Every structure is written in C-alpha cells, then in structure tokens.
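Undergrad: Provided herewith is a single structure, encoded as structure tokens, for subsequent inquiry.
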C-alpha cells in the first residue's frame, strides 16, 4: 500500500475510532477557544509585525514541534498496532508521511496555533498586506513541516538505538537553529535538504520493529519486585514521561529566572509558579490510568490498595520534590538570591499535597477511554485531577504563614471529598464508565 490517504484514514481511526465525531467537535471547539484567548493575548501585549522576524519565534516553533513529535512517536512504538503495521504490506515512507499529518492535526496544531493566528490578526487590523500575510503563513508552515518530519526521523533513530544517526541528525538540527540566528539566508535551503534526506533515505526503512528491552528494564525485572521499583522502571523506559518531566523542569527554571530578572513578580510568587508548573506535568500523575491494560491482574492479585498507593505516591512526590529542589538550587545560584526557608516549606507543602490529591483523583476517576498511550498523553482528561489542586494555590493568597496551616487542611478536605466518590480503579461492581 503506497497511497498515503488510506493509511492516514487508518491512523485517524486508530486514534478516534470510538468517539470520532465527538473528538473532532472537541478538537475544533478547543482550537476556537484557544484562538480567542490568543487573539486577546496579542491585543493585550501589543504584539506587532516586528515580532514575526525575531529569531526566537522560529526557534520556538522548531523546538516545540520537534519536542511534541518526539514524545508522540516514542510512545507510539510501544503500542501493539505498530507491531502489526510492521507486518502489513505498507510503504514505510507513506506510513510516516501519513503519520506526520496525523501528528500535526492531533498534537502540534493546538500548541503552535499562535504562529498562524499572529499574521492573520495583523492582516485583519491592517498592519500586514495580503502578500506579506501569505509570506509569513508560508514561512511558518514550511518550518512546521520541517520540524515534524525531523521529529519523526529523530525519534525513530532514538527508539531503534541508532545512536550515530541520532547524533548526526541532532547536529544538523543544531546547525539549522544556529543558521536561523546568524545566517538566515541558508536556513530554508538547509531545512529543505534535511527534509529530503528524511523522506528519501530514512523514512523507507523506519517501519521495522525496534529492540525490545533496555538494560535498565532487564535489571529492574531481575531485581526483587516492588511497586516502587515498578514505577521507576516505567518512568525510565517511558520516553513520554521522562522527556515531559525534564522539559517541564527546564522550562520552570528558565521561566523563573527570566521573571526574576524582569522584576514582574517577587521571589515567593515565582517559586509558587514553579510548583504549579511541575505539578501540571501530567504524564507522571496518571499512574492509575496508565494501568488500564494490567488493571484486572492487579485487582485479582492479593495486593493492598494502600500498598500500591503509597508506592506510587513515594515515586510521584519524590520526582516533584527532586525537580523543585534542583530548579531552586540552580535559580538561586545564578541569581544570587537563594530561596527562603518559609517559601521552601510552602512550596514543598504545595507539591506533596498536590501529588496526593492528583494521585487520589486518578485512583477514584481513572481515564480508561484511551486505546494508545499517545491518546492518554494528548487528551484533555489528563488535566482533570489538576483542577482539584487549585484551592491549594488560592490558599497562598492569604500569605505564607497562614497558607502553611491552610494547605494541609485544604488537602485533607479535598482528599476526603474524593474518597467519598463512587467507583475507582479497584471497583468492579460497575462497568468502566470513565472515558468510555
């Protein structure tokens, strides 16, 4: 099968087979709402046409798409349908080109919509002419196509453990980013050559099953079993979890340092924002939803619910606390202003209480409507448990001293409310209603 359109149709059905129309309506509605908010942001910030030519705009588009595609494709290779795809008479090049279109619609568009709205907004208010608008839309579209194809290529080399090719293409991409900053005239030709390399040379050989288990996975399976080690094993072997956590920690550090330099917020507010950003990192919070395929086995085994919960909580809270501590140390060292003791305790309370709430919410209302991990990571339901954490951050408005007492009390009330809800991961008395 060499026709890209039937393959694309199959891939979309794989993602949206159960609730295709509802998902399409949900995506369209989400894009409209996002567009309205971004237009309001552009107006509020007074962004003009000078921003279009800034280097950081192109770099942000390239890096954002590459990151999201890398995350999606590495997760995709863990799904059973990929093994079947490797056996079917499907053109590898056609498959990955079709997958690139699917990734743009399902993953990249809502995260890079700003780059397409900005020229249209400037055209609407008369700042850009029609020709200029088409130029910038074409330019952003070109870099979007390049970054998606590059992300597919890089992630496949990573999954298949072709380290030399991975480093080679990463070096080419780094040169593309440098050329965007220092030699803009060669950026587009260089991207075009790199895209041709991906489509002509690499894509035809990518539809092959990768190696199965890493050395770390083998070691963890041989060691004495524990749920705590099992969570670490899943985290280390899951590129989606690992990369999302690292990127969120790096973004939190960069964001806090920039806000501290500009003086927009004081130090305490910045560290609270860091806590909120780390806590919103959803892949490591869905520790019950991810157990969908092993749920019945875990229910039938003689396992105490509390034992499993505390193993997951130790892992989750440890990751959050470790990430915050690392960011706080780096930001404090660079800025020369270390975090105060009260602010540190306040942020630890937020993270530990938030982790407890998110994990409890996921246990009581797990999301089982996904067919592939890619659907779980990209779905809007992953933020549902985060909403229960918002009262904790509202408590910080009362001041540090008061919030230190209010945060644990608020967390206990929220957890008590969640525990009183019907259903849950271990409830077999009812059908799996959630997400189905």
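Note that Cβ sites are derived from N, Cα and C of the backbone, with glycine treated the same way.
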Undergrad: Per Swiss-Prot, which of 134-154, 218-238 is transmembrane segment?
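TA: From Swiss-Prot, the annotated transmembrane segment range turns out to be 134-154.
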Undergrad: Which stretch does Swiss-Prot mark as transmembrane segment, out of 112-132, 343-363?
TA: 112-132
Undergrad: Of 6-26, 27-47, which span is tagged transmembrane segment by Swiss-Prot?
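TA: Based on what Swiss-Prot states, transmembrane segment spans 27-47.
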Undergrad: Determine whether the transmembrane segment (166-186) and the transmembrane segment (112-132) share at least three Cβ pairs under 8 Å, counting only pairs 6 or more apart in sequence.
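TA: Taking Cβ pairs at least 6 residues apart, the transmembrane segment (112-132) and the transmembrane segment (166-186) are not in contact, as fewer than 3 fall under 8 Å.
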Undergrad: Restricting to the same chain and to residues at least six past its boundaries, which positions have a Cβ under 8 Å from a Cβ of the transmembrane segment (51-71)?
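TA: Tertiary neighbours of the transmembrane segment (51-71) are 100, 103, 107-108, 111-112, 115, 118-119, 122, 136, 140, 143-144, 146-148, 150-152, 154-155, 158, 173, 176-177, 180-181, 187, 239-240, 243-244, 247, 377.
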Undergrad: Does the transmembrane segment (112-132) come near the transmembrane segment (187-207), with 3+ Cβ pairs under 8 Å (pairs 6 or more apart)?
TA: no
